[in-house]
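The feature active site, proton donor is assigned by TrEMBL to Glu25. Feature annotation from TrEMBL assigns substrate binding site to Lys86, Val106, Ser140, Ala141, Asp142. According to TrEMBL, the Mn(2+) binding site annotation covers Asp138. Per TrEMBL, the feature active site, nucleophile maps to Lys159.
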Amino acid sequence: MTAPLAFSTEVATARASGAPIVALESTIITHGMPWPNNLEMARKVEQTVRDAGAVPATIAVMGGQIHVGLDDATLTELAQAKNVAKLSRADMAACLATGNTGATTVAATMIAAHLAGITTFATGGIGGVHKGAESSFDISADLQELAQTPVTVVCAGAKAILDLPKTFEVLETLGVPVIAVGQDVLPAFWSRSGPIPAPLRMDDAATIARAGRMRAALGLPGGQLVALPIPQIDEIPADTLAPVIAQAQDEADSQGVAAKSVTPFLLNRIFELTEGRSLASNIALVLNNARFAAEIAREFSTAPK
Ligand code: PSU
């Protein structure tokens, strides 16, 4: 049995010619943003990748296949679909076996991208260690995936709803290179900077691609996490957001929100409490990440093998 991959025409053509491809996830569409902003974001992010000289491959599970690249009709259908599963490493094969529809998180998108030979992936923010994890044990499978699957993931940091110091401690323990772009502190998703020093700093796409190839040459498993700060005009300062995040977290705790529902619940409450400002920032940072991921993908594709 081989992995059931289904490529869009655009992605199949890019694979045949060795053109750079950027993987994109679908949980951000189905669970991370409200309709119809989610579809608008998904289309814009694909166009941003094209404008930057690479081919977008949005990934989702449908009809027993891992779709790598979605046409506009499928993207539109997915963006409006209800009860879509949120897939990570644990449930991807089960979703394929049952023929259900599933959106891929960072972890599942990395698995699919690697199967498809795609080196670079753009998202908004990875999952991580949730606040209160010392009693809930809620740690995203995204972190383990970064430790074992060789894909370079471009994000704007881990989402600021998480316990950021613990998230980066775990990444360090797992041996994941965490690279801040152009600054010495890690960006914090909606905000350009946070209190955590960057473990590594690189200022250009070529160096990041070279480091990725070097990791493979050393026989080290796993990927790289690239943390690109949100553009200044789109950021929400961390101290403006802190009380909003705290309120959303309190509500999640008192309502007993757990497991896979925590991140979508918090993102939605922060959207409501900021009257949409958090969503505008989230979209801006995803577009910024997509553009930089396309640059990295181009560096990977032009480098001598
Ligand atoms: N980036 C965003 N919004 C999102 C996500 C990323 O801007 O909703 C998704 C990704 O799919 C990531 C998931 O894998 O959030 C993390 O979920 P959890 O904390 O349940 O692991």
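Heads up, the Cβ atoms here are built off N, Cα and C, so glycines get one too.
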Completion exercise
All chains considered, the count of other Cβ atoms within 10 Å of the Cβ of the residue listed as 'active site, nucleophile' is 26
Exercise for the section: Output: those recorded positions from Glu25, Val106, Asp138, Ser140, Asp142 whose CB lies less than 6 Å from an atom of ligand 1, in sequence order; none if no residue fits. Expected result: Glu25, Val106, Ser140, Asp142
Exercise for the section: In three-state terms from DSSP, label Lys86 (substrate binding site) for me. Expected result: strand
Practice task
Sorry to bug you, but what's the C-alpha spacing from the residue listed as 'active site, proton donor' to Ala141 (substrate binding site), rounded to the closest Å?
Solution key: 15
Handout entry: Proximal residue to Lys86 (substrate binding site) among recorded positions Glu25, Asp138, Lys159 (C-alpha distance)
Key = Glu25
Exercise for the section: Starting from the Cβ centroid of Lys86, Val106, Ser140, Ala141, Asp142, which together make up the recorded substrate site, report each further residue of the same chain whose Cβ lies within 8 Å of that point, ordered by sequence. Expected result: Thr27, Ser88, Thr105, Ala107, Ala108, Ile126, Gly127, Leu143, Glu145
Practice task
Work out the three-state DSSP category of Asp142 (substrate binding site).
Solution key: helix
Problem - Close in space, distant in sequence - the residue listed as 'Mn(2+) binding site', Cβ under 8 Å, 6 or more apart - result: Val129, His130, Gly132, Ala258, Ala259, Val262
Handout entry: Spatial neighbours, same chain, of Val106 (substrate binding site) - Cβ under 8 Å, 6+ residues apart
Key = Glu25, Thr27, Phe121, Thr123, Ile126, Gly127, Ser140, Asp142, Glu145, Val153, Cys155
